[in-house]
Ligand SMILES: *Cc1c(COP(=O)(O)O)cnc(C)c1O
């Protein structure tokens, strides 16, 4: 299937006809020795939007000029700051604005959601997840289960890939749900696996879980702003994500939560704080927790306005570009990287195994490469050539061409450096 060509001219042509080509100008590209780097690490920390500094500056000025009145005064009072992010966040994850709220940080939000949605009762105590999920999620599940007086080794059921495979078949996950439907209280897993780059079939997983009355939640750290999401329509109970990866909202920036509308009036158990209290009465400071309707009711603390300001500035770029357009470019850009790697494999006796699935529906922008030999040498060679990827011991290189700021020409350059390495 020769849809692409491995020439610089071809890559440049793709950039010239790319409807999103100007968005790169909205970002600060890290430089080394006066040269812009080829940044393929948006899966770990997205680049800084040029508008971020100004957004912080604005709130610094409000603080300087109004002090505490900044919470209530001006055209964008801090009190409602989370609301300024809702519409775009809802679009990104496929939700209603009332179902999403930027808040806290990811692992914190995961614990908060587990408190509400993990309700072991009788025989139904188990949690189904995927093997090798991100460590923080594993630790969260393990300790959360323990905090309920249960034994993680009995309760947590991790679905593994079949012998000799790197990724999971959807059917294996669905079967595991079916086979354990009586003992499962919750399905909780990544929507996009951080290591392999696989996007799980969340729609099918949510449908299967719901069929048996099992709740389902996803960690979308690698999926938000990257893969198509329709959380509301899929009937997902809850989701959490961070904003510093594809959402470009700065290191440790504010994270997000989704709570499906069907759960808003369910009077679920929760760990509450005053920022989740009914906004109109929050400052009455009366006892007895009255939650805000929707996802907002899971907020705990006074939000970090400076982090929200950056988040909002970054989300504005997503609103302008549109998730559908971003995804269209992403499929092409990652497809081009895959095409070049396959060419290299053909030329040099398959030195690289692409762990990430080939079907666009089963991946986001990241490709995870297993390098048969001298993986670290190849990675160092990429770094020397100003290509920033991500290295995982013992032999994995992850590269994430992101549609907002990476170009086809950069992808071509990556291919050239790898080809020359094997020559
Ligand atoms: C990046 C990532 C995290 C990080 O969690 P923080 O609480 O933001 O540090 C957790 N889970 C997954 C799946 C991730 O990809």
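Placement of Cβ uses the backbone N, Cα and C atoms for every residue, glycine included.
Automatic, uncurated: that is what TrEMBL annotation is.
What you see is a predicted model, and the numbers here were worked out from it, not measured in a lab.
Cross-referencing 80, 84, 244 with the pyridoxal 5'-phosphate binding residues that TrEMBL gives (106, 107, 134, 135, 136, 137, 219, 222, 274, 302) picks out 244. For residue 244 (pyridoxal 5'-phosphate binding site), the same-chain residues that are 6 or more apart in sequence and have a Cβ closer than 8 Å to its Cβ are 45, 46, 250, 251, 252, 253. Listed in sequence order, the binding-site residues among 134, 219, 244, 302 whose CB lies under 6 angstroms from an atom of ligand 1 come out as 134, 219. Secondary structure at residue 219 (pyridoxal 5'-phosphate binding site), taken from DSSP and collapsed to helix, strand or coil, is strand. Residue 302 (pyridoxal 5'-phosphate binding site) and residue 245 (N6-(pyridoxal phosphate)lysine) have their C-alpha atoms 23 Å apart, to the nearest angstrom. When other Cβ atoms within 10 Å of the Cβ of residue 219 (pyridoxal 5'-phosphate binding site) are tallied across all protein chains shown, the result is 28. Residues 106, 107, 134, 135, 136, 137, 219, 222, 244, 274, 302 are the ones the record ties to pyridoxal 5'-phosphate, and the longest Cα gap between any two of them is 31 Å.
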